[in-house]
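*Asks:* Features from TrEMBL:
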- 26-46: transmembrane segment (TRANSMEM)
- 52-71: transmembrane segment (TRANSMEM)
- 101-122: transmembrane segment (TRANSMEM)
- 142-161: transmembrane segment (TRANSMEM)
- 173-196: transmembrane segment (TRANSMEM)
- 202-221: transmembrane segment (TRANSMEM)
- 226-327: domain 'FAD-binding FR-type' (DOMAIN)
Amino acid sequence: MKTMTTLSTLLGRSKERSAYTLGRKAWLTLGYLSLMSLPFLATLTLNMEPQGLYATTLTVINTLAMMAFYMQFPLASRLKRIPLFANIDWNISHHKKVGQWLGVIFLLHPLLILAPRFMVSFNDGMHSLISVITAPQMLTGLIAWVCLMIWILTAIFKDALKMRYETWRFSHMLGFVIITILATLHITTVGSHGQFQASFNIIWWALCAASVTMVLYNYFIKPLSLRSQPFKLLDVTQVSRTDWQVTIEKQEASDFTFAAGQFVWLNTSQHSGGVKEHPFSIASCQADLPKISFIIRNLGDYTSKLNTLKVGQNVYVDGPYGSIGLAESAQAKAIVLIAGGAGIGPMLSLLRGLAQQNDPRPIRLIYGNNHLNQMVLQDEIKHLEKTMPNFKQQLVCATATDDDAIYQGVIDTHCLEQTLNALAPRDWTVYLCGPKPMINAVNKSLKSLNIPASHIHYEQLSF
Ligand SMILES: Cc1cc2nc3c(=O)[nH]c(=O)nc-3n(C[C@H](O)[C@H](O)[C@H](O)COP(=O)(O)OP(=O)(O)OC[C@H]3O[C@@H](n4cnc5c(N)ncnc54)[C@H](O)[C@@H]3O)c2cc1C
């Protein structure tokens, strides 16, 4: 979930408002940058030979880039107990952005080192280039550099490559563990713009060890604890032409709890580890525990076979994650839930949570799909409209229907204006969930209606 919030919600899920005004993203960025600068600050304590301006600049860039590289591991791990790395959505989006920047920096790395030689003469530059490529001690750096470029490109173009997500994820993880070890060998042996003194190499190796440990934790240690408290599959029901409702139950001894709007990684395979897990938002509310339900759209090789799961089988649940929740709307005078397709899951969870609390504020659900027969759980939602006079649903359908009450088209500015006209925009808290293009379009419409960004909390159904 991407959202603006206060320090109190960053550090916990407190409902209390904090006096701090710095947004969550700003705190996370500040924390991230502070951590990233630590190895560089450590170099200031060293007695180093003075270097020229160019070499010093390269050293600073390389030291910061190497630390950013190691910090890709906590960003991609699910370290929900460490506040700085607990916001999975922020982590993954920054993991991707930082990864692309690192690709550019490391692509230029050999060129920037050799540039002064090329400035002297082209021949001198070429001579240095050939000796760098052929020197045996450069092999670790060279392999790490080539692999890094290939792995970053594979991550950027993974959708176009049509590779199975699980295959990509496994090769991404294994590839980067190997690249990290090779890069650390390079920086601690021949690297001249990141290696300072033998004792300083301990820092690089400690960071490398911490990175590999995080991978081992995620793939080997955490699965053991998930295995000790499996959930049971209760039911898989088709609730629309394209969607399933999957219900699982936690064990009595399990202390699993969640807040409306959060998501988990579900693993229905025989093993609690590996890459066969998928993120899904919880659609039920806390009052439904020990049962937890999900609305899952049939979108690919895993989600199309959910009906082959066996009732009573074990399901491993890693979570909950995600920082959206009803706490964000504590001060709001009206609550707007906007769901596109499979995005209905977390919106239902919030709606069920609000109904459970008998929340008296105006609540609107705007729910869009391509076809009418994709709208899920309409009996329950229509029943809520009857029992909660402050709640109304607006269905939005891309294809034409006979029903005049259904907005035909997509969730656009006109649809929002028409549905929410009696509410003052500045008082709304808007929750939004759906595919990325829908999130982008609705966010633009909400902006054009002058809804402050801090009042919009959204989750897109892909990382
Ligand atoms: C935070 C979050 C919450 C989500 N909540 C829901 C929900 O409530 N209901 C719902 O129907 N869908 C939800 N999704 C999307 C759901 O995870 C994917 O549709 C599902 O994993 C697709 O799996 P597949 O093998 O059937 O499809 P595939 O064809 O293999 O994958 C389709 C796309 O889904 C994504 N994906 C596939 N496997 C994974 C994985 N293991 N981890 C992360 N992404 C993956 C990739 O972007 C891939 O390109 C959510 C996604 C995220 C990130």
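The backbone N, Cα and C atoms fix where each Cβ goes, and this holds for glycine too.
Remember, predicted model here, so these are calculated numbers, not experimental data.
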*Asks:* Counting only CB pairs under 8 A, let me know which of 52-71, 101-122, 142-161, 202-221 has the most with the transmembrane segment (26-46).
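*Replies:* The stretch with the most contacts is 52-71.
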*Asks:* Give residue numbers and ranges for long-range contacts of the transmembrane segment (202-221): same chain, 6 or more residues beyond its ends, CB-CB under 8 A.
*Replies:* 39, 42, 66-67, 70, 72-74, 77-79, 173, 177, 180-181, 184, 187-188, 194-195, 273-274
*Asks:* Could you pull out which residues elsewhere in the chain have a CB under 8 Å from any CB of the transmembrane segment (101-122), counting only those six or more residues past its ends?
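*Replies:* For the transmembrane segment (101-122), the nonlocal Cβ contacts are 54, 58, 61-62, 65, 68-69, 72, 128-129, 132, 145, 148-149, 152-153, 156, 192-193.
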*Asks:* By a Cβ-Cβ criterion of under 8 Å, what residues six or more beyond either terminus of the transmembrane segment (52-71) are in contact with it?
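*Replies:* Same-chain contacts beyond the flanks: 32, 35-40, 43, 98, 101-102, 105-106, 109, 112-113, 116, 180, 183, 187, 191, 193-194, 204, 207-208, 210-211.
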*Asks:* Counting by DSSP, what is the helix, strand and coil composition of the domain 'FAD-binding FR-type' (226-327)?
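*Replies:* Helix (H, G, I), strand (E, B), coil: 14 helix, 39 strand, 49 coil.
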